Amino acid sequence: MPPLPSSPSLSQTLSMDDSTGSLPSGDALSFYNLPRPKPIWLNDSYAKHIVKGNFMTLSARPKTVEQGEWIAHQVVEHYRNLWNFVRVIHDKDEEGTSICNSQTCPRMSAGANHSFTWLNARKEPVEVPAHEYISLMQRWISGKIDNTAIFPTDPAGVSFAYNTGNPDIASATYASGGLNTPGSNTPIPAGPTALTTSLSQLAGPGDWVGKSSGFPVDFVEVCQTIFRQMFRVYAHLYWAHFIDPFYHLSLEKPMNSCFSHFVLTATEIDMLKPHELEPMQPLIDLWAANGTFPKESKAYACANLKAGERLLSLAGVN
């Protein structure tokens, strides 16, 4: 195997003097309360992709494909993409230790400003280490995709339970992130709720997205929950593991490509709302400013261009 690339110097990733203290209140980045030094994935040099082109061509639904079928396809494909990266941080070394473990990641977080809790059997929020949270989330999503009452396809010989060997926490069985979830600085609605009207029922009385293809009335809500949970995992991968292991293994461009495609798709089919993008908003702003997100996309509409342009200018200063 070729030698692994050296870690980039954090002090050189963004040309901003960390000794200057907090950003001026008028600076476009002051709103985000970013750490110093900035994460390297906010430098345009490390936010590149393995391919060039318009990702909208991958996210646009063909006219001949029913909306429910298209959403189901996107759920499965983006779940598969994500788990290629999760495997990297969950694989154990010779000593039986994974990169993401209770010591390195004692809670499910996306930087210092965002943390997420799970709901136990009594639907109480509990804080668990990131690797356990991700395993619980994986089993929850796998159970939904393999459930033919929700995804009415023949699952014979196919299972999406990639991490069945990971620790099982019987008391933590619900996807978390309700509006009142304590312990999360930016709660993200996730999971079925009776507090809001079913979005899928807005298609009209007795009608909903996916009905003609056999999907249940709550299909859209389930898929939105899946996308929210996958977004949390991506956010943790960026904030906690971008350098080790992904940059070290030269996997940063594939992960950038999959995540930007994920954001474009999730926003286009209304699986993620603008406020739910907050943990990764600076990177979304950067990708809008550097042309990764087409101007006609909903992801571009969610971006703060001034912040993205500010990030570009910082990366370009020597």
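For all residues, glycine too, the Cβ spot is worked out from N, Cα and C.
Automatic prediction, not curation, is the source of TrEMBL annotations.
Feature annotations, reproduced from TrEMBL:
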type: BINDING; residues: Cys100, Cys105, His236, His241; note: Zn(2+) binding site
type: COMPBIAS; residues: 12-21; note: compositional bias 'Polar residues'
type: REGION; residues: 1-21; note: region 'Disordered'
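Neighbour counts of Cβ atoms within 10 Å were compared across the binding-site residues His236, His241; the minimum falls on His241. Sequence-distant contacts of Cys100 (Zn(2+) binding site), defined by Cβ-Cβ distance under 8 angstroms and a gap of at least six in the same chain, are Ile89, His90, Ala130, His131, Ile134, Ala240, His241. Surrounding the centroid of the Cβ atoms of Cys100, Cys105, His236, His241, where the record places Zn(2+), the chain contributes additional residues within 8 Å, namely Ile89, Ile99, Thr104, Ala130, His131, Ile134, Leu237, Ala240. Sequence-distant contacts (6 or more apart, same chain, Cβ under 8 Å) of Cys105 (Zn(2+) binding site) comprise Pro129, Ala130, His131, His236, Ala240.
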